[in-house]
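According to TrEMBL, the protein carries these features:
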- 268-363: domain 'Ig-like' (DOMAIN)
- 452-524: domain 'Ig-like' (DOMAIN)
- 637-733: domain 'Fibronectin type-III' (DOMAIN)
- 735-830: domain 'Fibronectin type-III' (DOMAIN)
- 834-922: domain 'Ig-like' (DOMAIN)
- 931-1029: domain 'Fibronectin type-III' (DOMAIN)
- 1044-1132: domain 'Ig-like' (DOMAIN)
Amino acid sequence: MISKALLRCKKIKGQLIWRFAWSFSCCRQPSPCCVFSLFTPILYDTHIMFSCFNLSSVIPLFNTHHRTCAWGGFSDVGRNLFYLISCVSSLFIAGKDITFVAKVDSSSLTRKPAMKWLKGKWLDLASKAGKHMQFKETYDRNTKIYTYEMSIIKVVDGDAGGYRCEVTSKDKCDSCTFDISVQEEQQANILEAFKRSGDAGEDAGDLDFSALLKKREKKQEIPKEEVDVWEILKAAKPCDYEKIAFQYGITDLRGMLKRLKMMKKTEPEKTDAFLRKLDDAYSVEKGKKITLTVEVADPDVQVKWLKNGQEIKPSAKYVFESVGNKRSLTINKCNLSDDAAYECVVGEEKCFTEVFVKEPPVTITKLLDDVHTVVGERVDFEVEVSEEGANVKWMKDGVEINRDTAGSKYRFKKDGKKHMLIINEATKEDVGMYYAFTTGGESKAELEVEEKELEVLQSIADLTLKAAEQAVFKCEVSDEKVTGKWFKDGVEVQASDRIKMTHIGRIHKLTIDDVKPGDAGDYSFVPDGHALSISAKLNFLDPPKIHLDTSLGNKNTIIVVAGNKVRLDVEITGEPAPTVLSATEGRVRVDMRKTLCSLVLEGAERSDEGPYTITVTNPAGEDKAELFVKIVDVPDPPENVKCTSVGEDNATVTWDAPSFDGGVPVKGYLMERKKVGSSRWTKLNFDVYESTTYEAKKMIEGVLYEMRVFAVNSIGISQPSGNSKPFMPIAPTSEPTCLTVDDVTDTTCALKWRPPEKIGAGGIDGYIIEYCKEGSDQWVQANQQPVEKNQFRVKELPAGEKMLFRVVCVNMAGRSPPATLAQGVTIREIMENPKIRLPRHLRTKLISLVGEKVNLVIPFQGKPRPIVTWFKDGVPLDDKTVGTRTSEVDSILFIRSAERAHSGKYTLHVQIENMSDSADIEIQIVDMPGPPIAVTVTDVWGFNAALEWKPPKDDGNCEIIGYTIQKADKKTKEWFTVYEHNRRPSCTVSDLVMGNEYSFRVFSENICGLSNDAGISKNTAVIIKTGLAYNPAPYKEKDMNCSPKFTAPLVDRSVVAGYAAAISCAVRGYPKPKIIWMKNNMIIGEDPKFLMQNNQGVLTLNIRKPGLFDGGRYTCRAINDLGQDEVECKLEVRVFFNLGVGTPCGVAWNSNGVA
């Protein structure tokens, strides 16, 4: 709560500084929401700055204002802790600099706050940063305060308007709005108008009189004779310059002399780049356009245009032109922001000028009207000016009326160019002359207010009549002597044969005979001499009538294309205006206007087709009309598109007509084709094709194609049909070749042939075999499905008959020419001697490993089918582990898992009647050998040892091809190979190490590999070392017993309540010591809250979710028979308490109760 405010004023070095010191009275108890702030608005001569220093965790926002400024209090926005310091709208002098400063304390914020400066509602001023508007941000690490500054350099009229300062931090946001008004500086003499262009100080730039051009006067005054000081200075002697400058208030003598020097130059300065430079200054009226033109020496050179030192980019406002040596800049719709210094740059050379924008005076386009009213009525004075946003000054009898003096009696209203002064309730005191002033004109009006006397005893009633009826309007006023006039729609009613007006006492009557439609309207009675009007309305009844368009044809049919919007406007007449009672239900919407009823259907669909009824009515009657809406659309896609036949480069495609023709007949079809896998469709016809069968030509043989078809009617083209199944343009193959008879039996005949010489891109799908009796032409197909192989056996043939055979090749293109046997074939059995064709690899011994599969296929021939028998070692094969399978042309012997017992001689015997043939197959099954036996070290000498052994008992059913010898010393017991593939059962091992004792082992080897086990030598070979003796030192056992001693102590800790904690130490001692944990010298027993662990002497005490009562001194004691040792530490437990909702801080208590 703000208790008081102190205002102090102090003048320091010509600068006026206002200081506001605010003091606060706070609650009895401290609260985190208390704010202690010092707001210091500092006013300089041309630089106005307001700053806010906040010492709490809130975010203050503020506005800068004119020197006459009022500060408001604080605004608390909920729990967000955002505070606003709002200021009243202020006025600034044009040409001055303004700086806005905001300071934000971020000590309690989790992240950096975001500051935005906005103009109006949405314009972010950060996008306008530049020479005219500058932004600055600093941060003090010591105080954690962010400082944000926004500076407006040389404020102009365009800077006027509403501003908003907005700050956000996470989900908190607050803002403050304020208005800035800019006023032209009132200049008393030429000194105030004198300024320099540029920003370098007193000595830079040229003299600039733009302030004089911008000066406006609100009232029309008699123009005074202007004195041209520069003409006086040019005509004066140099010794009189100082006197003239003092007389006219010129203080910048150096700039004045420089200006005179430039004015006295008779010829313009010659340059290499410019043939003609810009004029010194240009003047243009606001809203008009201006063109700046220079002539350059090089017609191809590029120029740059600058405004106040910033490069201008081409746009709708700034238009660049280049014609020959001329370069032009056109500025469209000039406003006050275009009043600036402009430069034209060519390479390193420049030329300068200034553009002055003159604002035309605001004139009054619509004058005030005199008002005559009675007491208590509202009065509106309205004036219309030439420009929007202009200021209008209101006065009454020479006294200004403004918002400060208006109170609740007057209200001001603006609507574009219209300005209104409203008097809510007129009184006798409001009588007088009212004025409206603008910068370019004025208007006045007189207000007369009379007392309200006349009363209406009976008002006029509204009438609703039909044609030829009589209308009577009657009213009664309080004064019998009062006369008046009758008006219809604001026009005075004149008496006639039909219209009679009577006045009897206090009653005034208007009678209209034979009422017609033109009599309908608003009637009013206005008493003479009184601001009173009594009104009523005459409604004429006319039965409704629906006027349909005769162009709709029979049965009022409307044809609509599907998907289009339907809008049928039906004219309806009748008084009063008829209303639509009903229309056929559906998606139809009815829109009513004065004499027009519109039926609207959005996006017509097929379901919308049907009859519709419109019914309109009014008090005079009812009328109906029926319509039929027919929906037409593009047809459905054609169906069942398929290829019926193909040729070498063509194909015939057929399809079915669409199921729905769209309501209009189908004109024809459009066809497209594409290659399978491609997405590019090729049109086959551009003119509509009427038939449903089409032959596509000019296709590539062997390429798969797809077809689709579009249906066409008068509405448009349908969607494409589904793609046809892929088809390939191909030609049939040539006839098969080399047709021969392979075999003949009593009822069958086997044929063989070769593929055709010409196959084509379609390939071969198979072969068809046909036969017939010799002398007949009735061919019978032997196979139902084409066969892929080049051989086939025709069965169920009549025995003894002479048959003819032929073979046809088929593919996608159809049947090829047939290949026919030249002579008939007699169906009877052919005898062939049996013969075994033994494979080459079975003519020698077949060796296989134990466990492997044995699968022997042995082909044979013979007719009729021979009898096959298998023998092993001359005895018929009767082993269940050996299987056989025999077909017409071969016999198979297979063993799933070979064993040694399967070794032997197998014989295949085939027999046809008394003819036979046989073949022998020798199989040997081998396995790993056994280990050598009786491995013995027979002799040792020097570094050598002699070994002998005997062959293994089991040779694996094959010859032993060698031995592998390995050695190992007794120290490392690692085996190393000495010899491989040793043929003899003995060897000599050399290069043994002196002093080592060696063992030896031997592996036997056959064609299957090394034996699984080795034969190990029964004795060892010791390589004796002579001349050295080793005398080891006596062994003394170390005593490991020691008393407990802690190698790592306990450490004091501070933990947070509710989170698991642990304390640790390390101890050593032998025998293993007993560990005891104590809290405050009390032994911790089997408390489940504590968990004690001992890992190789590392002792840990775990405390589950400690509380305040778990704080204290903890001791760890280690005891054994030789002594004891102990360590201790202090454990502090901290607990946080929240002070309340929205409080960003808390209080911590430790286990000792200290905050």
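Heads up, the Cβ atoms here are built off N, Cα and C, so glycines get one too.
Ranked by Cβ pairs under 8 Å to the domain 'Ig-like' (834-922), the stretches 268-363, 452-524, 637-733, 931-1029 are led by 931-1029. Averaged over the domain 'Fibronectin type-III' (637-733), the predicted model has a pLDDT of 90.
Shown for the domain 'Ig-like' (452-524): DSSP residue counts in helix, strand and coil, namely 3 helix, 37 strand, 33 coil. Helix, strand and coil counts from DSSP across the domain 'Ig-like' (268-363) read 3 helix, 50 strand, 43 coil. When the domain 'Fibronectin type-III' (735-830) is classified with DSSP, helix, strand and coil residues number 0 helix, 45 strand, 51 coil.
The helix, strand and coil residue counts that DSSP assigns across the domain 'Ig-like' (834-922) are 6 helix, 53 strand, 30 coil.
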